[in-house]
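K.L.:
Input: one structure, supplied below.
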Amino acid sequence: MKLAGIDEAGRGPVLGPMVIAAVVVDEGNVPKLEELGVKDSKKLTPKRRERLFDEIVQLLDDYVILELWPEEIDSREGTLNEFEVENFVKALNSLKVKPDVVYIDAADVKEARFGEEIKAKLDFEADIIAEHKADDKFVPVSAASILAKVARDRAIEKLKDQYGEIGSGYPSDPRTRTFLEEYYRKHGEFPPIVRRTWKTLKKIEEKLAKEMKKRRGQTSLEEFFGK
């Protein structure tokens, strides 16, 4: 029996991509994935996940990784959950090896609804099991989670090569906020790698507007930057 798992990494960050990974593994290889320590994906360090990536891929029948960048996220129609459903379906339908069962890490508060919305749009027949914290419960989802996290980590490292220290990309990361504030001060706008629909950016803009008004006596950011 072929089992699929699908998960995302980077849903919440203010910059960088959201990455979706879908994997297909033969039921007989699940114990081998467990032996690698895949089930404890959240306890793994980034370096350990990176080392596991190739070992996991060798045990898979197929896998697909989608990188969804800020421009695509910001231009979506509908909610973030609907966007996730759409791209979970895209990833699963892109698999060349079709699974008999699909395990899904549900983003919706109603697990069954999330699974039903995906099942309705698949181009193949499969049993769907959608649950919260599926990456802790089902090995195929744990494997997908690791692939997604590694792919996002790699994308962030490439961005660091281009922009310098940007932190993890999460709004709660002081390094990320510092990068965004300093970039805005220097350029008068945020870099193209940010999700412009995130409230974090609005808060930073408001903070800097007050700062600039106080320091320069300007009435607006537009005046300050000569726009």
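Each Cβ is built from the backbone N, Cα and C atoms, and glycine gets one as well.
Since this is a predicted model, take the numbers as computed values, not measurements.
When I checked Swiss-Prot for this same protein, it listed these features:
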| type | residues | note |
| --- | --- | --- |
| DOMAIN | 1-210 | domain 'RNase H type-2' |
| BINDING | Asp7, Glu8, Asp105 | divalent metal cation binding site |
K.L.:
So what sits near Asp105 (divalent metal cation binding site) in its own chain, CB-to-CB under 8 Å and at least six residues off in sequence?
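P.N.:
Long-range Cβ contacts: Ile6, Asp7, Glu8, Ala130, Glu131, His132, Lys133, Ala134, Asp135, Val141, Ser145.
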K.L.:
Given the recorded divalent metal cation site (Asp7, Glu8, Asp105), which additional residues of the same chain have their Cβ within 8 Å of the Cβ centre, ordered by sequence?
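P.N.:
The surrounding set, listed in chain order, is Ile6, Ala9, Ile20, Ala21, Ile104, Ala107, Ala134, Asp135, Val141, Ala144, Ser145, Ala148.
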K.L.:
Which of these binding-site residues has the least crowded Cβ, counting other Cβ atoms within 10 Å: Asp7, Glu8?
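P.N.:
Relative to the other binding-site residues in Asp7, Glu8, Glu8 has the fewest Cβ atoms within 10 Å.
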K.L.:
Find the average pLDDT over the domain 'RNase H type-2' (1-210) in the predicted model and report it.
P.N.:
95
